[in-house]
Amino acid sequence: MPRSDTDALVSDVEAGEDAPPRILDASSAASSEQVDPSPVPPPPPHDYSSYRWFILEPAVFLIFFARYLIAAVYQNQILYQTCVTIEKFNATQCEPLLGIDRGSAADKEVEVIVQTYSANIMMTTSLLESIIPAFASLFLGPWSDKFGRRPILLTTFTGYLSGALILIVITYVTMSTNISPWWFLLSSVPSVLSGGTCALITGIYCYISDVAKERKKALRMVLNEASLCAGMMMGNVASGYIYAATNALTLFSIAGILMTLALLFVFLFVPESLNPADIHSGSRIREFFRFDLVKDLVRTCFKRRPNFDRAIIWLTMIALTIAIFDMEGEGTVNYMFMQEQFNWTIKDFSLFNASRIVIQIVGSIVGMVVLRRVLKMSIVTMAMLSLACCVLESTVRATAVYWQEMYLGMTLGMMRGVMGPMCRAILSHVAPATEVGKIFALTTSMESVSPLGAAPLYTTVYKATLEYYPGAFNFISAALYFVCYTLIAVIFGIQKSMGSSSIYQAIGS
């Protein structure tokens, strides 16, 4: 029977606001056409009263606080070790690269030489943290449907803690002897093998989807996003001050303690979200690599659909992937660019990142309240407006001569945080409820693999333009964000031309 356009729009209402969360087994989709006539006794009811409080958010806050506490200082350590061991400059010449004090004009020549080499290490780190998680993201959803969300959370938190411990050991060694900067890549290995950020985000959102009631699911998503952003902001702010007051070893040790607390919190206070009767007892390793589930996932995303549904799905997925491509590419070279262009220290860079996060949070909230609720802007229009802000911000950053212009660009891009939620809202409206999980899984995989191209491209452009125009890579971002804007504009045109469909009315309202 063909799908009715209104099915996905009314199902939540019919279920009732206080209905318990629906847990969809992604692995069952491949065999959904086989009907078993024998009655299957329902599993015992799962008690969701234990999830009354928001128990996952503290762990999310701690882990992102710790990760962003490390981020910029980690790059400084690579720059310094590159300077003294690879380029053979003396310690006095290399000291400004630690990011504590501003370097002189004479130090700029050393900085250019060092950054040209260290950019390759940053690129390798980005690639290492993308390849395996991108592959694993195709299997994580179906596997967690069978064996639970808690193993994913514990594994990823353990991976981050192990990486921090390795980083502490490496930094301790560098206090007495200089080593090759390539040794710092070892600290990324545990988190990569445990699934990285992709596995962490997948586990978090699967867990929230399991435990949150229908009427509170959106609130739980918002609270989780707020916890994540608060951790990023505090990590960025505290990083510069702690580093200036102590040293890299102390800062990394504090981050390790925070990760330990996050892991202990998950282990002690975060129970399994799936019904024990629904958890399989088979081989967890063998079941992880079931390629028939991946085939069904790809088949779902490519199959023919009514009207222009398939085109809208792919236009949205491509726009999301390009946007992540931009962000990952910028993240590879941003710190080096700001250090070179504006002579920023760790504290300057940390304050800028924290301010950017605050501006995005405020811009997203104001945009959703004023533009979406009061002015009744559609989902597609909000996505287009967000991407227009991204184009403006990247253009200002590319032409910036004074550091104040970076804050101007940040203000112009205040609504960039709306783009992701609006694009995912488009996907959830166009795809049937039984297929949204598969489409989101493929989208996540595409987003995860984007750094494979972004890191080499942005690194190559930055190295080629470093001596005469270090901010040139921002023009790439502006152009790619404009491509995303064009893709969403095509969806806007489709929505206007097919306004009689209830689904297209939903994304246009």
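Glycine residues also receive a Cβ, built from the backbone N, Cα and C atoms like all the rest.
Look at TrEMBL and you will find 1-43 tagged as region 'Disordered'.
The transmembrane segment annotation in TrEMBL covers 51-70 (among others). Long-range Cβ contacts of the transmembrane segment (51-70) within its own chain (Cβ-Cβ under 8 Å, at least 6 residues beyond either end) map to 153, 157, 160, 164, 167, 200, 204, 207-208, 211-212, 220, 223-224, 226-228, 230-232, 234-236, 238-239, 242, 251-252, 254-256, 258-259, 261-262, 265-266, 269-270, 273, 353.
Sequence-distant neighbours of the transmembrane segment (152-175) (same chain, 6+ residues past either end, Cβ-Cβ under 8 Å): 59, 63, 66-67, 70, 74, 77, 81, 140, 144, 183-184, 186-196, 199-200, 202-204, 206-207, 248-249, 252-253, 255-256, 259-260, 262-263, 266-267, 270. Positions annotated as transmembrane segment by TrEMBL: 152-175 (among others).
The feature transmembrane segment is assigned by TrEMBL to 181-209 (among others).
Annotation source TrEMBL lists transmembrane segment at 221-243 (among others).
Within its own chain, the transmembrane segment (249-270) is flanked in space by residues 55-56, 58-59, 62-63, 65-67, 69-70, 73, 150, 153-154, 157-158, 160-161, 164-165, 167-168, 171-172, 175, 207, 239, 242-243, which lie at least six positions past its ends and keep a Cβ under 8 Å from the stretch. Annotation source TrEMBL lists transmembrane segment at 249-270 (among others).
Distant neighbours of the transmembrane segment (311-329): 126, 130, 301, 305, 383, 387, 390, 394, 419-420, 423-424, 426-427, 430-431, 439, 442-443, 446-447, 450-451, 453-455, 457-458, 473, 476-477, 480-481, 483-484, 487-488, 490-491, 494, 507; these residues of the same chain sit at least 6 beyond its ends, with a Cβ under 8 Å from one of its Cβ atoms. Under the heading transmembrane segment, TrEMBL lists 311-329 (among others).
Per TrEMBL, transmembrane segment is recorded for 349-371 (among others).
Beyond its flanks by at least six residues, the transmembrane segment (383-403) meets 319, 323, 326, 341-342, 344, 348, 363, 367, 371, 377, 409-410, 412-419, 422-423, 426, 471-475, 477-478, 481-482, 484-485, 488-489, 492 of its own chain at Cβ-Cβ distances under 8 Å. Marked as transmembrane segment by TrEMBL: 383-403 (among others).
Long-range contacts of the transmembrane segment (472-494) within its own chain (CB-CB distance under 8 A, at least 6 residues past either end) are made by residues 308, 311-312, 315-316, 318-319, 322-323, 325-326, 329-330, 333, 337, 380-381, 383-384, 387-388, 390-391, 394-395, 397-398, 419, 423, 426, 457-458, 461-462, 465, 504, 507. Annotation source TrEMBL lists transmembrane segment at 472-494 (among others).
Outside the transmembrane segment (349-371), and at least 6 residues removed from its termini, the chain residues within Cβ reach (under 8 Å) are 68, 72, 99, 226, 229, 232-234, 236-241, 335, 338-339, 377, 382, 385-386, 389, 406-407, 410-411, 413-418.
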